[in-house]
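Working notes for the structure below.
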Amino acid sequence: MTIGDITPKKERKSRRSKHVVDDTAPLLPKRQDEDAGYDEFNGASFTGAVFNLSTTIVGAGIMALPATMKVLGLILGIAMIIFMAFLTDASIEFLLRFSRAGKTTSYGSLMGDAFGKYGRIFLQICVLVNNIGVLIVYMIIIGDVLSGTSSSGVHHAGVLEGWFGEHWWNGRTFVLIVTTLGIFSPLACFKRIDSLRFTSALSVALAVVFLVITVGIAIIKLISGTIMMPRLLPDVTDLTSFWRLFTVVPVLVTAYICHYNVHSIDNELEDSTQIKPVVRTALALCSTVYIMTSFLGFLLFGDSTLDDVLANFDTDLGIPYGSLLNDAVRVSYAAHLMLVFPIVFYPLRLNMDGLLFPSARPLALSNMRFAFTTVGLITLIFLGANFIPSIWDAFQFTGATAAVCLGFIFPAAATLK
């Protein structure tokens, strides 16, 4: 089956009626030749698209959001989360509107139309920096959860260390090797993003499990009267504490970055008119999860909240079955991040290939390029996770550079152009 064999339906804008505008666009795995084996794929569903976009959004950033409450206070912190959701919706609206107007079907081709070859290359570099940084954060958190961390100066035991004691096989490096080879690598081998819809649904379910358990812990501690009143406003006493307020901006920006996957999800939708409802549904879902996680995390731990709030769940909660609940919270979210990994890796691989081989045939048709690009990127992410000490450091860098460009500067620049 080829694109020319398909007759578009008149009553709706089907993905099957779309055509490839720029074969070199890195974010455009549109429709492959016969040997790609996609003949049975008739387009992604609304639900699958929502799950994929939600999984792109809700990643490691959620674990750093309670720490932003420690800086901003509850009122300002929650207000900023809601504000960033509306700002993200507006920037994605700009991307989609001008992509339709210019008949472009990827973020890369939109930037290429607006700013030429160098605009597209700059976008690709930003996607590489952002996604590599985010995936390194995922691995750091998984290492923290399973093997423990001492980044704050105090050792917080990991789940495996708590269960079995300290051994060579539950050390950070070995655990990440096993996770990379056994989970990340197989999931990264899918060539179509809609193939990940079931793992995306499971990852969202695991995030909800994490949230439900955290709500239960907070309710029990509230009833027992062991929770202090959280700080509602930022504590600004001098110029240093004032400037510290701005350190949360990169974290908030990174929390909503999903722009690099919007076109890929839109391209696979059976009905492309559904993309705006997909985006708004995903943003509403993720904002709710963000607000509840930030509120509950700061409520439970107050000014002792760590940069990665999961590391706080190794302490005595002072409630029945506290140790079991601690492990359930950490394991459920670590499993969530393992399933989010391939969703963020998908556009990373496409952009790396587009940057290195701009004139080559689609990546999905070249098994050699696909394999080498996948192995190279996963190796780079693994090495970064073993040498970068804290997720806050990674968020500060990616959020202040590539993420803000992808989420807000590029859409606004393309609109003005």
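A Cβ is built for glycine as well, from the same backbone N, Cα and C atoms used for every other residue.
Not measured: the values here are computed from a predicted model.
Lifted from TrEMBL, the feature list:
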type     : residues : note
REGION   : 1-21     : region 'Disordered'
TRANSMEM : 41-65    : transmembrane segment
DOMAIN   : 44-416   : domain 'Amino acid transporter transmembrane'
TRANSMEM : 71-96    : transmembrane segment
TRANSMEM : 121-142  : transmembrane segment
TRANSMEM : 173-190  : transmembrane segment
TRANSMEM : 202-223  : transmembrane segment
TRANSMEM : 243-262  : transmembrane segment
TRANSMEM : 282-301  : transmembrane segment
TRANSMEM : 331-348  : transmembrane segment
TRANSMEM : 369-388  : transmembrane segment
TRANSMEM : 394-416  : transmembrane segment
- prompt: In the same chain, which residue numbers or ranges, 6 or more beyond the ends of the transmembrane segment (331-348), come under 8 angstroms Cβ to Cβ?
  reply: 27, 52, 55-56, 58-60, 63, 127-128, 131-132, 134-135, 138, 141-142, 145-146, 159, 179, 183-184, 187-188, 190, 193, 196, 199-200, 202-203, 206-207, 209-210, 213, 260-261, 264, 310, 377-378
Task: Answer with yes or no whether the transmembrane segment (173-190) touches the transmembrane segment (243-262) by the criterion of at least three Cβ pairs under 8 A, sequence separation 6 or more.
output: no
Query: Looking at the transmembrane segment (282-301) and the transmembrane segment (369-388), are there 3+ C-beta pairs under 8 A, with each pair at least 6 apart in sequence?
result: no
Field: Whether the transmembrane segment (71-96) meets the transmembrane segment (173-190): three or more C-beta pairs under 8 angstroms
entry: no
